[in-house]
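What follows is a single structure, and I will ask about it in a moment.
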Amino acid sequence: MSRGILYYQVGEALESYFLIKSATKAVASNGKPFLTLILSDHTGEIEAKLWGCSPEDEATFVSGAIVHISGQLSEYRGRQQLKIGSIRPTTAMDQVKVSDFVRSAPLSPDDMLEQITQYIFEMKNPKIQRMTRHLLKKHQTAFLEYPAATTNHHEFVSGLAYHVVCMLNVAKSLAALYPTLDTDLLYAGIILHDLGKVKELSGPIDTTYTIEGKLLGHISILVNEIGETANELGIEGEEVIILQHLVLAHHSKGEWGSPKPPLIREAEILHMIDNIDAKMNMMDRALERVQPGEFSERIKAMDNRSFYKPNFHEPPLDLS
């Protein structure tokens, strides 16, 4: 297998295998159909166009298919794109499998679970601790495998758990600076805030939105589950409502998906930590293939901005 799409520079020829993450049909200005393919390998993703595609191409080059491509890395409107020279479906003779093309979190699921469990052990409020532990255990397998999103940030295998671990570590540092923060609430809110995504999303590979995800969303899903968990465990009190509020308000604004803004201190900080970690992941991913003195591709979720890597920073990759 080749060195990976992340390691190629604009103008370089390449020949490699890719997993098709999505295939979208459209019609060009000349009236001919084409496919926009999002291709991935173990290092990253890239867009490619398959011009003048036939009905057979549409049936062959679908989401989840593994293909062999020869082409050249190019740039279009500030974004890298793979110019396809030839493309074919793979066969058993190629000896490739889907797991070869999936990017994963830099920490193992066991390591992440151990870290998260330690934060739960540190909780002093038994009601908050029990509800958090119960919900995590209920969804543990999916939680450790799922991405945090379909696009934008932590959209890789185990991305959801990695997002939570990073947020918890930020929260611990902030709590040391601001001792008025209730770490039980903050840690529980971080662990639970995106847990509804195990029902909102379809799985760790070829991730799409489920019917529940489209009609309810991860916030509503988890708010309901917190209530059900409290009933199941026989827990009453304000802790239940506060945990629900933490999940409900973590997007901060109605136009961002939260029906209520943060109205307690820990909910506001939870939103900020979530935003920091998501944006850091987006910027880090965009700057991975950028050399010092260059700008990244535009990041749609960050006002379509490009980010600059200062000249005095070390190159990110050994491209030899």
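Each Cβ is built from the backbone N, Cα and C atoms, and glycine gets one as well.
Checked Swiss-Prot, it gives:
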type	residues	note
DNA_BIND	18-90	DNA-binding region
DOMAIN	163-279	domain 'HD'
Average the pLDDT scores across the DNA-binding region (18-90) and report the rounded value.
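The predicted confidence over the DNA-binding region (18-90), as a mean pLDDT, is 92.
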What counts of helix, strand and coil residues does DSSP assign across the DNA-binding region (18-90)?
6 helix, 47 strand, 20 coil
